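Database features (Swiss-Prot):
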BINDING   13, 14, 15, 16, 17, 18, 19, 20  ATP binding site
């Protein structure tokens, strides 16, 4: 075992609703102890800035460019993360010296793997200065330099967690992370990894609900629960080349868009998109080395009972079971933030963050940029 570090992971996903924070004690190979976790929502005004940044970022041709007001958005995003870290440390009675490193994801504003271009705004140096803690950030870029898709990165952490799956779960088990975009991690015999983005997660549902109601998401799946699946709309989405391509690739939030207003009712749209999330997962799972017997679901999507119902119903037809991460003894809400803590420690040790079976990179590579406080 290597030197055990206490790391904080920070994650701001495609939903752009807030910051997930988690503490992890790890040597970058095994998980020694799970620490506290938390969630800090963005102020509504800041969320609007991040949404505007998505449009501005379309002009980027080189990953260090910050056109228009993107530089100011990056500064505000970093300061919001710093404030969240300080509040979290105070709440859980940590001193700055108790934390060895922060794993900082930032906010993805552009992801074009076919152009080897990915941009996560977030100033690691400013975060280190504001918090007084060393920071590892920009963890996707080196993978792309070496021919990878830059995503997903969480499979390395899923592999560590798989060693702690309780007895009684049929294998092979597949971890399913339902964030804005969903991704799958298969862990086979001997630690064989296969992982890739599986399709839209919460993203289209969130966009649909916000466009019609002004609310950020379908809380508890209440809107979707009152609707019906529009099969023709599902079929249209499933005709996307993404689902038929032999080579799996990572997704950008612009790869799929919600239906046009008026195309279906609010409730039917929400239900259909919830079904699509499940259908996309099962379709993409057909590219795994073998069929899953258990799907372990983490991320915000596990809290939407309609998504879970649709996924479970589709999986049952294939003889598989769907469970929330908590049923396997994990914290499904903190898992992505924990992953960034874990990856930061791996980066410090020069261990691989990505593998040929996860991002398509030519060989296992490390990543991340370290900034000392």
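The backbone N, Cα and C atoms fix where each Cβ goes, and this holds for glycine too.
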Candidates 13, 18: member of the binding-site residues with the richest Cβ shell (10 Å): 13
Reduced DSSP assignment, residue 18 (ATP binding site): strand
Other residues, Cβ within 8 Å of 13, 14, 15, 16, 17, 18, 19, 20 Cβ centroid (ATP site): 11, 12, 42, 179, 180
Local backbone state of residue 13 (ATP binding site), from DSSP in three classes: coil
Residues satisfying Cβ distance under 8 Å from residue 15 (ATP binding site), sequence separation of at least 6: 179, 180, 202, 203, 206, 216, 217, 300
Densest Cβ neighbourhood among 17, 20 (binding-site residues), 10 Å radius: 20
Listed in sequence order, residues with CB under 8 A of residue 16 (ATP binding site) and six or more positions away: 42, 47, 50, 51, 107
Other CB atoms, at most 10 A from the CB of residue 19 (ATP binding site): 23
